[in-house]
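Beneath this line is the structure, given in structure tokens, with notes to follow.
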């Protein structure tokens, strides 16, 4: 009989501690024999913690080649317990089906950019380092440089407003178009300087370039569309009693998760308060674990300032059939 892992004994080589790591593990409640999915492997912190918490197996997914390489290194230390798949979590259903997996017991999603991506200047995610204006989480597709140099002013303003909620989005777009007439904008620090020249400093000390960089990153990677696809896939994949844990870092992401879980954790409303709900109304597919979500404790915020806007929302799958597109909330 093989000894199970020691709870809390996370692999020493996995030094990165993800935001709300222990809370995510608690929400998923791993048990021996469970099949779990880490849909956003990143630096591997959640996967390592899950593997250490029970004699479970984990299927890890990431589109970033560097993350996939890290995953294979971790898998070598856990023979037969960790499989790493190259792809996006929005496609997890087909990725897992290709390996014969059609039901799982838990899914963890950490939405947005990972710490290794932010801290690598060559990836172009950060306005703190000089690097190519890329921002792709994978290795294919449109870059941030393509957007700022090729889209028209109105479309750039719309992206910055819609995905960054930047109230000075028109100023930003106007400044970008004016600068690119002189020369293409290809470096992160160049773009940051352009944005800072037209967006005033905020009282909370957040860099004026923050919202614009967030907006471009979301647009480049279709992050909100990916999140919607991932949530729908999780609903179909989770077995009754399975858990979903989603960590978000800004209001746009959190709104998508909150609305999805709200709609899936409530029966369809009656057409009138004087009439019963329709007999064919879809039953709730999730039960909320923490209605308002979980935020980092003061100790974690002190140790990791990047955690300041994080929120964990989690839910348990019921036995009701997954909703179809167009089903009432």
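Glycine is no exception: its Cβ is also placed from the backbone N, Cα and C atoms.
The S-adenosyl-L-methionine binding site annotation in Swiss-Prot covers 44, 45, 46, 62, 110, 117 and is backed by sequence analysis. Secondary structure at residue 117 (S-adenosyl-L-methionine binding site), taken from DSSP and collapsed to helix, strand or coil, is helix.
Sequence annotations record features per position, and here Swiss-Prot assigns region 'Disordered' to 297-329. Residue counts of the region 'Disordered' (297-329) by helix, strand and coil are 11 helix, 7 strand, 15 coil (DSSP-based).
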Cβ-Cβ distance under 8 Å to residue 117 (S-adenosyl-L-methionine binding site), same chain, at least six residues away:
42, 64, 123, 125, 137
